[in-house]
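Visitor: Pasting a structure below so you can have a look.
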């Protein structure tokens, strides 16, 4: 089997060579000509997979080492009997930590307690559930909106309008869809944006077009007092410089780019291709690919508070650094793509080992994703 793989998919060569002959390729060079002669194509979300790419190819398997699939024409693949798989949930922890870190930053900067705020989570899939678990662990009030889940499980959640009316912070975790009963394209439109509470924090880590970026730009120009975090943008990688200049935090679609999340995606697609070709494979663990965190342990004493959690989060991921890099390099050629492809080896909170002399503090840290143990002082 000949396998063509995006060269930014971490540890892909060492795994996929167990199945067949591997060629690595830059994502910008993935086209109809260059995939000729290959049996399997392994990609990221930057590659659009459709009839134009595949119609004259011999590809029998497409694997996307990503949690989403809106870059893939799944219906066309089914029609043409091309097997497809992706890695839902692989980056759920990373995105949830990015969003939580954003909230902690605003709480620190603007001097408020998250315990006095209501967080509206729009979309209650893998990421929404992970984030909700972390926020609930520290006592933050959350309200949920997911009409598809609501109908499927016959449960009562909130409508989008109720989320807008009652939330101090709104975070979006929906796929990008254009049709059906609940399309999400421009879900957050001009009317919704105007209806947001003053000083509301709006966070988008889902897909750029879930928010009408032009309407967002205009209401920010007009002085609407909201705070905005965008990791995803309309027309990526050609994002709007004016919009970037008006929001609080802007990053180049890297919310899910933790080292652990990337490895989960690679392992997931490797397992899928093994199943497709009927090859038995051993179970791989993330720890097989990652060295221990560079800090052996962190010792903390006393009671837990919001500021301590924020400081711990900075050791793993300072999103202000990513914001700074995007603004600093914005005018460079292929800035957005290059920042994504050369992204630092960001670790998840679980990589931090924390010794605490407070058992309640230690238990709480574990609930929100850190690796903590209680040590009784002698």
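Glycine residues also receive a Cβ, built from the backbone N, Cα and C atoms like all the rest.
Pulled the feature table from Swiss-Prot, pasting it below:
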ACT_SITE  207  active site
ACT_SITE  236  active site
ACT_SITE  253  active site, proton donor
BINDING   45, 66  substrate binding site
BINDING   146, 231, 256  NAD(+) binding site
Visitor: Within the chain of residue 45 (substrate binding site), which residues six or more apart in sequence place their C-beta under 8 angstroms from its C-beta?
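Guide: Result: 64, 66, 68, 71.
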Visitor: Counting Cβ atoms within 10 Å of each candidate's own Cβ, which of the recorded positions 146, 231, 236 comes out highest?
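Guide: Selected residue: 231.
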Visitor: Roughly how many Å separate the Cα of the residue listed as 'active site, proton donor' from that of residue 231 (NAD(+) binding site), to the nearest whole number?
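Guide: That separation, Cα to Cα, works out to 5 Å.
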Visitor: List the binding-site residues among 146, 231, 256 whose C-alpha is within 10 Å of the C-alpha of residue 207 (active site), in sequence order, or say none.
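Guide: For residue 207 (active site), the binding-site residues whose Cα atoms are within 10 Å come to 231.
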Visitor: Which value in Å gives the longest Cα to Cα span across the NAD(+) site residues 146, 231, 256 as recorded?
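Guide: Output for NAD(+) binders 146, 231, 256: max Cα distance 21 Å.
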Visitor: Rounded to a whole number, how many Å is the Cα of residue 146 (NAD(+) binding site) away from the Cα of residue 236 (active site)?
Guide: 26
Visitor: Cβ-Cβ under 8 Å from residue 256 (NAD(+) binding site), same chain, 6 or more residues apart: which ones?
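Guide: Listed in sequence order, they are 67, 90, 91, 92, 94, 95, 98, 205.
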Visitor: Let's check the environment of residue 66 (substrate binding site): how many other CB atoms sit within 10 Å of its CB?
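Guide: For residue 66 (substrate binding site), the 10 Å Cβ neighbour count is 26.
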Visitor: For residue 207 (active site), what is the tally of other C-beta atoms lying within 10 angstroms of its C-beta?
Guide: 24
